[in-house]
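Per TrEMBL, the features are:
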- 66-104: domain 'EGF-like' (DOMAIN)
- CYS75-CYS92: disulfide bond (DISULFID)
- CYS94-CYS103: disulfide bond (DISULFID)
- 147-183: domain 'EGF-like' (DOMAIN)
- 248-420: domain 'Laminin G' (DOMAIN)
- 432-619: domain 'Laminin G' (DOMAIN)
- CYS592-CYS619: disulfide bond (DISULFID)
Amino acid sequence: MLRAREAAQFLRPRQRRAYQVFEEAREVFENDPETNYFYPRYLDCISKYGSPYTKHPDFVTCVQNLPDQCSPNPCAKEGTQACQDLMGNFYCQCRAGWGGRLCDRDVNECGQQNGGCSQVCTNQPGSFHCACSSGYVLSPDGRTCLDIDECADAGACGEARCQNLPGSYSCLCDEGYTFSAQEKSCRDVDECAEGRCEQACVNSPGSYSCHCDGRGGLKLSQDMNTCEDILPCVPLSTARSLKSLYLGRMFSGTPVIRLRFKRLQPTRLVAEFDFRTFDPEGVLFFAGGRQDSTWIVLGLRAGRLELQLRYHGVGRVTSSGPVINHGMWQTISVEELERNLVVKVNKDAVMKIAVAADLFQLERGLYHLNLTVGGIPFKEKDLIQPINPRLDGCMRSWNWLNGEDTAIQETVKVNAKMQCFSVTERGSFYPGTGFAFYSLDYARTSPDVGTETTWEIEVVARIRPATDTGVLLALVGEDHAVALSLALVDYHSTKKLKKQLVVLAVESVALALMEIKVCDGQEHVVSVSVKEGEAVLEVDGTKGTSEVSHEGLTETLAVLGKHLQGSVRTFIGGLPDVPVTSAPVTAFYRGCMTLEVNRQALDLDEATYKHSDITSHSCPPVEPATP
């Protein structure tokens, strides 16, 4: 390879310098196509006129006429201010806003200190642009945003006073007035417009009342204007057992556990578990094949075990044994023994039924068995005798087919909603996060079609509250109007005093109030009787005080009567998503409660809907006091 010093004697001073750096640049020329300018042309001169040692005149001329490294220009045209020849290399001098070896990379000026812009910086190729938010204008320096004084326009607020604000403006009126943007004038308002309430406000002649988002867990605080969290005032024993399985989690009646067993040989059913419930009716487990094949269902009806069997299309229902929905643990087992199904309670056989086939069914060379817990894999109407499958019950120490169920325990451990309360009492538990509702009819009509005669609402609620605020019962119309509500509240709205009360109301109008020691951990009985011309509220046998005049009661009950002419739903433990001003209380109830409506006990398993966290027949007791 020809060295730079061997050719330098033929070159001008400028070209001699290029040859001096030739050796250092050669590797760059060979490896970087972007800088491959001088060296290839020099090789062309050698190829045409021979070795430099011959000093051929045409070779000297060829070398002297070689272009510099900026010809052709390797730099990006848009981003380059000038190209410098470095004798075997080149340097691109970039314009402002461009970078990179070839000045082909845009510099994001907005990435550093927002480009010097006081508000909005927008990057552009080779540059950037400052902009301002609404209500501001860009100053002559192109970077700083200045507030626009909207009040300089005399018509901005009409007859009201205009107050300029950073980036905006406000139209002000005298106290007791508010600005109408449409009319550009001041209009008279009530006290609620003064912002006295933290959340919702309802004006009334000479007064006002504040309302908080009860469904969001808030109530009025001591000042009667701001809101605070609804906190438990009675601690409940809500600890759960990791080794238990709650059967009532699915209100839909679908199983909480599904298992499928496959065997090479015929296998007999063996199932044993501890069970606890206060619920009189529901499904414990199903075992068998498809709905139209062979299966059994073990359930409860009227508190006693019931076994439904279907073999070869023939159905049978058997019920026997003691009442077991007393809330105590007992051991239940079901076993196939020599063409018999034997059901035991605490080791005592209570049923022995002869069967004509095996529950494991042969399918594609294997014997199959489906087993579901807390529900059935088909509609309850397809049972031999329909039953409500929902069961507020608890299992523990289960053994399905000799212990082949370890996956259930692992699933329950990581899902608290599948676990049972460690200790329970009879009742229904409302956790303060949901409601149930029924479709009940309160209107009574005569045989003449369309002629209304009367209506009546009687409610008896046995409650053990854990908080001092919450809806016990409410009638809600199709338009989400709260026709009637019965609730706990911790303040007197008109006197603006903190006091634990039960309130009976139609829409937002309180009909009657009665004091209650809501946080004493004891059970209280709340009774309501509402009919045309009368509204009575009692707590523990003591009659409450009326909050309306006789004329006001007549008018309010007429409003309730109109609601009852249409369709209403009976909500228990809370309200649907209605405005917070629809009723005196919108918060969910937390605590234990059982209800009778028009002399009929309400079973939450029979509700049209129930929140899955509400337990229909069991409730945690009050937590024992710490010594």
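Note: Cβ is positioned from N, Cα and C throughout, glycine not excepted.
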Distal contacts, the domain 'EGF-like' (147-183) - CB-CB under 8 A, six or more residues away: 133-137, 189, 193-194
Distance [Cα-Cα, Å, rounded] between CYS92 (disulfide bond) and CYS103 (disulfide bond): 6
Integer Cα-Cα distance in angstrom, CYS75 (disulfide bond) to CYS592 (disulfide bond): 81
Count of other CB atoms lying within 10 Å of the CB belonging to CYS94 (disulfide bond): 21
Inter-residue Cα distance where the pair is CYS592 (disulfide bond) and CYS94 (disulfide bond), in Å: 78
C-beta crowding around CYS592 (disulfide bond), within 10 angstroms: 25
Cβ neighbours of CYS75 (disulfide bond) where a neighbour is any other Cβ within 10 Å: 24
Cα separation, CYS103 (disulfide bond) to CYS592 (disulfide bond) (Å, whole number): 76
CB contacts for CYS619 (disulfide bond) [other CB atoms within 10 A, all chains]: 24
Whole-number Å value for how far CYS619 (disulfide bond) lies from CYS103 (disulfide bond) (Cα to Cα): 75
